[in-house]
Amino acid sequence: MINRKILLTSLLLIFTVLSACSREKNTCRVVKISDGDTLTCLTKGNKSIKVRLAEIDAPEKSQAFGQKSKKTLSDLVYQKNVRLARKGKDRYQRTLAVVYYQKQNINLEMVKQGMAWAYKQYSHDPIYLQAQENAQAKGIGLWADNNPIEPSQWRRQEKINMAFDYQTFPSSISLFPT
């Protein structure tokens, strides 16, 4: 009986220590806002982490509502200690995470305020789509625009525009030499 109590107490202590270490590892201070869905934070050991907010896609900086989205994220978390619920890495090796400030889901808050879309391609939680539908119905944030363009569509169009701009292509250069 005593051995069992010692074992249970030991296991409880180990899990408590591991939990505390995990919380500390996932806590950081936001030191930079890149745009409405990307931030940089520092851990207690001064390790820099670039974080891409999971489940959402915010307008690009040069897109309509891009600067407002960036400012909204800044107002919510800049210079604040946040907790990261990590989801892995994206193709640019940024940490994908749900960001929490004082138990508030910041990713979800960005969608609620109409400053980001639920990222349908990568979203696994229906609360983001519900929040988007609510913001859209109320005309909040980017939903006040007559024709809001999803960032993924906007990026595709920008690539096409940059790939070949007939307006600026020099007329002295022949595309089809004879």
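Even glycines carry a Cβ here, placed using N, Cα and C.
The signal peptide annotation in Swiss-Prot covers 1-19.
The active site feature in Swiss-Prot is assigned to Arg52 (among others). In the three-state DSSP assignment, the secondary structure recorded for Arg52 (active site) is strand. Around Arg52 (active site), the same-chain residues six or more apart in sequence whose CB sits under 8 Å from its CB are Asp37, Thr38, Asp90, Tyr92, Arg94, Thr95, Leu96, Ala97, listed in sequence order.
The active site feature in Swiss-Prot is assigned to Glu60 (among others); the stated evidence is similarity to another entry. Non-local neighbourhood of Glu60 (active site): Asp35, Gly66, Pro151, Trp154, Arg155, Glu158, each in the same chain, at least six residues away, with C-beta under 8 Å from its C-beta. Taken residue by residue with DSSP, Glu60 (active site) is part of neither helix nor strand, so it is coil.
Swiss-Prot lists Arg94 (among others) with the feature active site.
Counting every protein chain shown, 18 other Cβ atoms lie within 10 Å of the Cβ of Arg94 (active site). Arg94 (active site) falls within neither a helix nor a strand when secondary structure is assigned with DSSP, and so counts as coil.
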